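Trainee: Have a look at this one before I ask anything.
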Amino acid sequence: METALTKTPEKRQVIFLAILLLLWEASSEAISYSMPEETESGYLVANLAQDLGLRVGELTTRGARIHHNGNKELLQLDAERGNLLLKEKPDREALCGATEPCVLHFQIILENPVQFFQTDLQFTDINDHFPEFPDTEMLLKIQEIAQPGTVFPLKAAQDPDIGSNAVQNYTVSPNLHFHVVTLSRSDDRKYPELVLDRALDREEQPELTLILTALDGGAPPKSGTTTVRIEVVDINDNAPQFLQSLYAVEVPENSPLNALVVTVSARDLDAGIHGNVAYSLFQGGGGPQPFVIDEITGEIRLKGALDFEATSYYTMEIVATDSGGLSGKCTVAIQVLDVNDNAPKLTISSLTSSIPENAPEAVVAVFSVSDPDSGDNGRMVCSIQNGLPFLLKPTFKNFYTLVTERPLDRESNAEYNITITVSDLGTPRLTTQHTITVQVSDINDNAPAFTQTSYTLFVHENNSPALHIGTISATDSDSGSNGLIIYSLLPPHDQQLGLASLISINSDNGQLFALRALDYEALQAFEFHVGATDRGSPALSSEALVRVVVLDDNDNAPFVLYPLQNASAPCTELLPRAAEPGYLITKVVAVDRDSGQNAWLSFQLLKATEPGLFSVWAHNGEVRTTRLLSERDAPKHRLLLLVKDNGEPLRSASVMLQVLVVDGFSQPYLPLPEVALNPTQEEDMLTLYLVIALASVSSLFLLSVLLFVGVKLCKKAREASLADCSIPEGHFPSHLVDVSGAGTLSQSYHYEVCLTEDSGTSDFKFMNPIIPSSLLQDS
């Protein structure tokens, strides 16, 4: 991703063009200060808080700091008092050389919000340097025939000071032949020329010695001197002349040492030794020059490395002197060409290494870029990788702010490595990269999420207490305490469930435990909700449904409903002697409280006095005859029936049945009972049974009447008041209800018990069947 004035397919780039800088500078006024150089450290430059219109404490709270743009750090900020202090003594000449004015540019950076203030500090020059000549002695060879008014150039003195503190005047010691004049170059530097006032006579005075003095304009002025020794030579009437008065050349700054810069050429019309010309580097502007000249050929070559960023332009004077002392001069102007030899520099001013997720636009870093090259070599493009939720914003004058483009999500990416790439536009391009690591700090923005919306757990009944029946699990993509989950049981919708006595949960890992043994016959299944809550602030939670299904174990034996079993005597059924094969004697009705295959019942005839006469249907418990009865068959038979389920382990119940063979229902043949009972005791038992039966029938009848009346009253009340009326519904186990309405016996008999005072054997009297005999035979 890139922020740019122009976009490429690869990157969005931000290009600071000159026009953008000009527009910014036009709209931003810098705060300027001025002070003389060589001021002692600790000097109070200004009260910065007052000048910026800020409260004193605001500089500290907003993290105020100074950005020096790569310059020497001469200033320090007392943020508590708001004072801008001098850190060390400044030397204008070391800072700016001959550049005027000497201005130190720096920025004041504030955070929360980010603000920039351009500030300039100008150092004024003081006269702290003496003029100094490059040589302690200068030698001039002047022919004795030189005419008055002839001018002889002299080497200028150097003074690092500028303006009026630089060299302003030259004087020469009193003499009869010469005076000195002070002239100015195009850069306003002063240089001396020696003017002949009176003709020389070698024979009279072959050599003269003068003292040349250079004076600056300080108060008081400072001076420097050198000795000018003049040798008077014989006549030489032609001075050397250069072919060009000005040589202008361009040299790339990366030229190697000893590279040829330019060749100057001068000629002398004299013959012989007076026509021989020697070249010398006579005058350079402002200090040592990285050039050397061959005195014979006039070739000017590099003797030191060039640096466009340090000095981009050189001017020097070349003197051609013949053996007679006559000379000529020319000017060589050398323009150093910039090459792209400096990679951009990136300076981090402010860096935030941790950003909270879901935060709006946040400042990650503030940095500046610089490139001392010129032109396209110094123009820069700043970019970051594509696909990152960050933007580069140009804030001011080569400053960028790295901000978040949108709220971050720590769960998607907890760390970003942002590579800032700064490239110049030179050929070839030079690039600097800097990587910033940003950590995304977590906030509690994710609720725990269960791995399933609902859980179904299976547990066998009769389990041991504290049995682990299953585990629910939730995850939270937050970190730290925001991602720690606490599990809990939520209050059930059915308050009668008693969940707290059935189930417990481990709050740390979500394991569920059955607190007590479960009974399938009492509770086949139940549901409840579990909650998962994190430890964030505020805490977030979610819930899931848990359904516990109790699996049936074969823990109940079949229970025989009919015939009723008596511990003292088995149930007695009657069999007509004329019964056809397949005659239904009775039907064994049994139930099993278990479910599934544990409740699948089968019937079996275990033992009979006449095994070939009777059979039991395995699936419905019907006891039938298998053949016709004969006279040889006994009048009484005992049958032992077995009712068993299909569970594991198999459980069963036995039924003892006594069958009496009778010739007819009106005159049954009843043998004496095997055990003689006390008649009084038998009468008491029969009476008790009759009372119980009568009470049961009466209760059922009364209950039915009450229920019928209640239903009618509820219907009338609902119709009258248009209000809801709920009728309680009884719960009857499905395996105890005869859905077909046919019952378990296919024949209905009416029994009448006849008790007489002289009935010693308490015989039963059987009435005719309620159902016609023809129907019985059809069945």
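The backbone N, Cα and C atoms fix where each Cβ goes, glycine too.
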Trainee: Based on the annotations in Swiss-Prot, which residue of SER223, SER374, SER477 is described as O-linked glycosylation site?
Mentor: SER223
Trainee: To which residue among THR124, THR227, THR625 does Swiss-Prot attach the annotation O-linked glycosylation site?
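Mentor: Swiss-Prot annotates O-linked glycosylation site at THR227; the rest carry no such entry.
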Trainee: How many Å lie between the Cα of THR227 (O-linked glycosylation site) and the Cα of CYS102 (disulfide bond)?
Mentor: 34
Trainee: THR225 (O-linked glycosylation site) to CYS96 (disulfide bond): how many Å between their Cα atoms?
Mentor: 26
Trainee: According to DSSP, how is the domain 'Cadherin 6' (575-675) divided among helix, strand and coil residues?
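Mentor: Residue counts in helix, strand and coil order: 4 helix, 43 strand, 54 coil.
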Trainee: List the same-chain residues at least 6 positions away in sequence whose Cβ sits under 8 Å from the Cβ of CYS96 (disulfide bond), in sequence order, or say none.
Mentor: CYS102, VAL103, PHE123
Trainee: Work out, from DSSP, the number of helix, strand and coil residues along the domain 'Cadherin 3' (243-346).
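Mentor: Tallying H, G and I as helix, E and B as strand, the rest coil: 4 helix, 51 strand, 49 coil.
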Trainee: Please list residues from the chain of SER223 (O-linked glycosylation site) whose Cβ is under 8 angstroms from its Cβ, counting only those at least six apart in sequence.
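Mentor: Long-range Cβ contacts: PHE130, PRO131, THR213, ALA214, LEU215, ASP216.
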Trainee: Looking only at Cβ atoms, how many others are within 10 Å of the one on THR225 (O-linked glycosylation site)?
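Mentor: There are 16 such Cβ atoms around THR225 (O-linked glycosylation site).
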Trainee: Over the domain 'Cadherin 6' (575-675), what does the predicted model average in pLDDT?
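Mentor: Taking every residue of the domain 'Cadherin 6' (575-675) together, the mean pLDDT is 85.
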Trainee: In this structure, which of the recorded positions CYS102, THR227 has the fewest other Cβ atoms within 10 Å of its Cβ?
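Mentor: With the recorded positions CYS102, THR227, fewest surrounding Cβ atoms within 10 Å: THR227.
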